[in-house]
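Undergrad: So TrEMBL has the following annotated:
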TRANSMEM  A:22-42  transmembrane segment
TRANSMEM  A:54-73  transmembrane segment
TRANSMEM  A:78-96  transmembrane segment
TRANSMEM  A:102-125  transmembrane segment
TRANSMEM  A:132-150  transmembrane segment
TRANSMEM  A:175-194  transmembrane segment
TRANSMEM  A:226-249  transmembrane segment
TRANSMEM  A:261-288  transmembrane segment
TRANSMEM  A:300-325  transmembrane segment
DOMAIN    A:357-597  domain 'ABC transporter'
Amino acid sequence: MLETLPVTERAAAAPGRRLSRAAPFVVAALAALALWIAPLFLDTFAVNVLTRSMIYAVLAVTVDLLWGFAGILTFGQAAFFGIGAYATAMILAAYGATPLGIAAAVAAALVAPALLGLAVGWLSFYHRSTPLYASVISLVVPIVVVQLIYSGGEWTGSSSGLVGFDVLPFEIEGYFRLAALFLIVVTLAAWILVRADAGRALVALRDNEARCAYLGLNPRRLQIRLTAALAGIAGLAGFLFANASGVVAPENAGFLFGTELVIWVALGGRGTLLGPVLGTIAIDYLAANLSGDLPFLWQLLLGTAFVAIIILLPGGLADLVGRLWRALPVGRREPAPPRLVARVAGTEATGTGIPILKVENLAKAYGALTVLEGIDLEIRAGELVSLVGPNGAGKTTLMRCLSDGTEPFKGAIAVGGTPITGLTPNRIVGLGVGRKFQVASVFESLSVADCLRLARAPHDGLNPVGQAETLGLPQAALDVLRMTGLDRLLTRPTRLLSHGQKQALELAMVVALEPRLILLDEPTAGLTKAERTTIGTVLKALTAGGRIAAVLVEHDLDFVREISSRIVVLHQGRLVLDGTVEDVVGSELVRTIYSGGAHG
Amino acid sequence: MLLTLDILTTAAILFIVSIGLLAIFGVLKIINFAHGAWLTVGAYCAVVTAKLGLNPWAALPLAFAVGAALGGLAEHFIIRPLYRRPLDAILATWGLGIVVGQLVTLAFGRDVQLTPNLYAGTVEILGVDYSAYRLVAFGIALAIGTLFALIIERTRLGLSARAVIMNETLARSLGIDTGRVRLVVFMIGAGFAGLAGVLLTPLTSVDPNMGVSWLIGAFMLVMVADASYLALAAACLVFGAAQVLISTFVSPILGSIAIAVLAALVLRISPKGFSRA
Amino acid sequence: MAEAAAQAGRRIEPAGAALALEGVSSGYGAVSIVKGVSLSVGRGEIVALLGKNGMGKTTLLKTILGMVALRGGQITIGDQALAGLSPARLVALGVGYAPQEQPLFQDLSIRDNLRLAVPSDRMLPEALERLFGHFPFLKDRLAQRAGTLSGGEQKMLILGRALMLRPRLLLIDEISEGVQPSMVERLRGVLQAERDSGVSMLVVEQHVAFALALADRYAVLKLGEIVDSGAAKAPDAQARVIDHLAV
């Protein structure tokens with residue numbers, strides 16, 4: 001057990017934590033109360049407009065979750081909203097506002113967009129898909145939906161839309177309150193999600209999708225589920241909109257409306273939830289009031305403000321407010337770090353005789369250029385193998401083949417007896433392979449503790465509603481943190497760490513995966529002497545237990561000499577030497593290779 | 001026969017509309033969502049030319065000049081700060097499109113404008129009467145394609161632009177002023193968009209939002225073509241044909257989304273689109 | 001002012017260094033790669049910079065060229081302090097560069113590759129004459145795609161491109177890599193002839209034998225710092241360098 005907080009300090013932190021956890025609920029309750037009585041003081045016009053604005057604000061929350069948090073710029077929420085609204089209008093028109101009709105409408109408004117969301121997600125996200133492609137698809141979806149509405153004839157009312165269908169038996173105040181409650185519930189749920197451990201996975205996806213995959217998370221599945229779920233929420237907003245307005249039109253599903261949502265979120269402040277909510281309500285309400293008198297000027301001002309905000313203040317108005325707030329001399333509490341707990345590593349026997357890694361006759365070429373040829377390699381538990389060789393020998397390519405089965409290569413690679421050909425990185429992680437990249441690959445917007453918690457997600461899961469108070473890590477990962485001082489920086493955002501600290505954090509994350517095989521690409525590049533020694537000690541201790549093997553690519557041969565149990569020399573894509581440190585050090589062949597004499 | 005002519009002229013018009021966007025995307029790796037606004041500006045240059053009583057064809061050089069000048073300003077003030085944020089650049093150029101559209105509205109009103117036809121009447125070709133202007137447009141597309149090819153393949157600017165596309169680091173290390181190449185290419189791309197706006201006037205009604213309806217099609221074509229103008233020509237032919245055929249034999253509404261849907265599917269299967277072929 | 005600087009320069013380096021680095025540091029993002037490197041290249045001198053991959057050699061060249069930001073120290077070429085000069089300006093000052101990574105536009109013709117290296121097409125014929133003087137085989141192959149040249153021929157094109165503008169200072173990154181021995185000798189001949197006509201060179205190499213045979217002085221870069229330097233022709237030079245490089 002390793003406890004980082006003295007007992008007294010922890011006791012003091014606990015009530016504060018409980019208080020801050022209750023705060024969102026208190027704020028939400030107060031907001032609900034205020035909005036409940038607000039219609040008593042507002043005129044009919046304002047009540048009508050604000051009802052619409054609050055429904056749009058729900059959409060803004062979904063856009064913010066997708067774009068601001070998960071990094072998926074989407075214009076497609078309008079389409080899901082429109083489908084929800086049309087499904088509602090069509091069902092209510094056919095069956096009337098009977099309890100059954102309403103239930104059917106709610107169900108359809110939720111399920112139809114969610115199903116389409118699944119399809120869109122499947123189309124948008126695949127191994128090696130780009131963020132731009134997802135945005136392209138999100139542009140196409142509303143265009144297609146609108147054209148389908150146009151071609152729907154009497155069913156959809158074509159270009160004039162649907163009007164005059166039965167709606168819920170509410171006065172306008174009733175709709176206002178319903179919209180307000182819906183908005184508050186959705187915003188609160190989103191708030192809780194993004195602050196919970198599971199919400200960190202969204203930000204992690206935005207920051208570094210590759211790292212997510214190499215932690216064994218399935219980025220694609222997360223993105224598809226998020227898209228489908230938020231499509232459903234947008235559909236429900238459409239249900240409410242259809243009832244409150246009594247009209248649905250093709251514009252409600254259109255690409256232009258999709259861009260407006262993005263503009264509101266950008267102006268309010270992406271990634272802040274409250275910014276987009278308040279921004280949407282303010283802009284839509286102002287638009288309704290001003291656009292009557294100054295229709296073009298209003299659009300002109302909005303467009304100009306949008307361009308200026310994107311260029312000068314990407315965080316939107318919420319960022320500006322946040323900066324002012326932080327400038328105030330108000331006492332602020334550091335978030336309490338989670339308590340570090342040692343987790344007993346699984347003790348399954350590995351002495352089955354099957355090598356952890358077996359490479360047979362591996363070859364890889366980029367076009368006509370052969371990078372690797374005839375590589376045979378077997379690595380067993382307890383080995384610490386260094387891969388050395390001059391520039392262009394194929395070391396990094398070999399590492400890539402070992403950790404990503406979708407790389408086109410010839411020959412066979414098996415991890416613990418399982419062939420990896422065709423497997424995506426996250427599935428290879430599932431076989432027990434952890435990879436540390438050459439350039440430290442961590443999540444820049446997250447804290448040290450959050451990065452480590454994501455690394456434990458495949459083992460321990462992520463809390464979907466709150467933040468766990470403890471962080472359980474294998475002893476080896478705790479050792480890395482303690483030796484590098486990261487255990488005292490758990491709440492620090494990763495982007496503020498030094499280069500060496502980032503490298504150490506990434507190593508701790510990989511170790512936290514409890515891999516059987518660790519691949520490290522130049523783990524000491526750019527580190528100080530002391531940091532290199534630390535990493536060397538950690539690697540030796542890890543493999544000394546006899547359950548884990550490590551393969552590292554390294555240029556610092558002093559380091560290699562110190563820690564390796566075996567050295568493999570690559571030269572021009574071939575494995576030219578494989579032996580103990582003594583075999584390789586002082587080998588005439590190696591001296592020749594490094595003096596350049598073996599070229600050509 | 002009519003179908004063949006429709007396909008060829010539709011492809012030609014798509015090519016005219018997309019080429020400016022392609023130039024900018026190829027070199028700057030930025031998607032210019034203000035492209036629609038440049039089309040609109042070009043069309044209003046035709047309106048102005050008509051009001052001044054000039055020959056309608058005089059709108060072409062005017063539109064190119066106005067488009068290029070506005071493009072230069074946009075590159076300097078909006079695109080340059082956003083090179084490292086390509087998704088934000090899409091949004092900022094979209095915002096610019098809104099601003100330009102509203103300025104046009106303030107200046108000319110939101111009503112549909114009438115422009116003189118650049119080339120009226122029909123001609124009989126192989127037994128069918130066909131719109132003379134669409135045939136002229138086909139010729140113009142060939143001319144624009146040739147001009148573009150000459151600039152890219154024969155001029156020093158074109159060579160520098162290709163160098164920036166292929167390997168910007170190397171281009172810079174050889175002493176090429178890559179910032180200037182970007183600026184000039186953006187101006188030329190915007191200029192071509194202006195030209196396209198004029199050439200669209202006989203085919204579509206001129207109003208402040210006319211450009212937006214062309215934007216998505218052009219955008220999808222450019223995505224599929226990556227940075228190659230030959231691939232763009234091929235994409236225009238293939239998708240233009242799909243649009244015409246689906247409109248004729250299935251439904252005009254499905255035809256109108258044919259380009260977007262097919263291009264999205266092509267990109268899903270082959271992320272580099274047609275440029276690899 | 002300029003005179004004082006020139007005088008100061010003469011005091012430090014009586015021979016008048018073609019390139020002088022003083023305490024140069026640079027890197028990418030949070031990573032520092034080059035750490036306080038001091039080094040000078042005299043007029044008509046070849047200095048070989050040796051070191052294994054990842055030790056900062058290429059980054060050092062790119063720092064001199066202004067492609068990686070200088071974080072500390074000073075770089076002077078002749079009497080000109082280099083702070084924020086663009087690569088274009090450096091070419092005008094007479095600096096030639098033969099890069100190692102992606103050094104050619106593979107899909108462009110050899111002629112176009114060369115055109116891109118001259119500031120204007122008017123200067124091309126004269127530059128080509130110089131190029132053919134060094135590497136006549138390129139004369140008949142100008143229309144060929146650069147990517148179709150063999151590895152060794154590509155290296156000659158890269159070197160020829162850097163030489164054809166009559167540079168005063170050449171920065172060369174691993175020109176011998178992947179080149180067969182006979183061609184390596186040919187490259188050495190060309191470089192030494194240029195040196196004898198007064199061109200100064202900083203040559204980054206991993207091929208120790210070639211580098212020491214070519215250079216007048218050498219320096220070894222390890223983890224961004226110079227750990228050894230001396231006369232290239234000293235009897236123990238090769239053994240010392242290899243000790244720094246090999247296992």
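Start at 1 and count along the chain as shown; that gives each residue its number.
Every residue, even glycine, has its Cβ placed from backbone N, Cα and C.
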Undergrad: So if I exclude everything within five residues of the ends of the transmembrane segment (A:102-125), which remaining residues of that chain have a CB under 8 angstroms from its CBs? That is, six or more out.
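TA: Result: 72, 76, 79-81, 83-85, 87-88, 91-92, 95, 133-134, 137-138, 141, 168, 219-220, 223-232, 234-236, 238-239, 242.
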Undergrad: Please work out whether the transmembrane segment (A:175-194) lies in contact with the transmembrane segment (A:54-73), by counting C-beta pairs under 8 angstroms that are 6 or more apart in sequence and asking whether there are at least 3.
TA: yes
Undergrad: Where does the mean pLDDT land for the domain 'ABC transporter' (A:357-597)?
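TA: Taking every residue of the domain 'ABC transporter' (A:357-597) together, the mean pLDDT is 88.
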Undergrad: Short question: which residues 6 or more past the ends of the transmembrane segment (A:22-42) have a Cβ under 8 Å from it?
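TA: Cβ under 8 Å, 6 or more out: 50, 172-173, 176-177, 180-181, 184, 187-188, 191-192.
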Undergrad: Could you tell me what the rest of the chain brings near the transmembrane segment (A:54-73), counting residues at least six beyond its ends with Cβ under 8 Å?
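TA: Answer is 81, 124, 131, 134-135, 138, 176, 179-180, 182-183, 186-187, 190, 193-194, 199, 202-203, 205-207, 223, 226-227, 230, 233-234, 236-237, 240-241, 244, 261-262, 264-265, 268, 270-273, 275-277, 279-281, 284.
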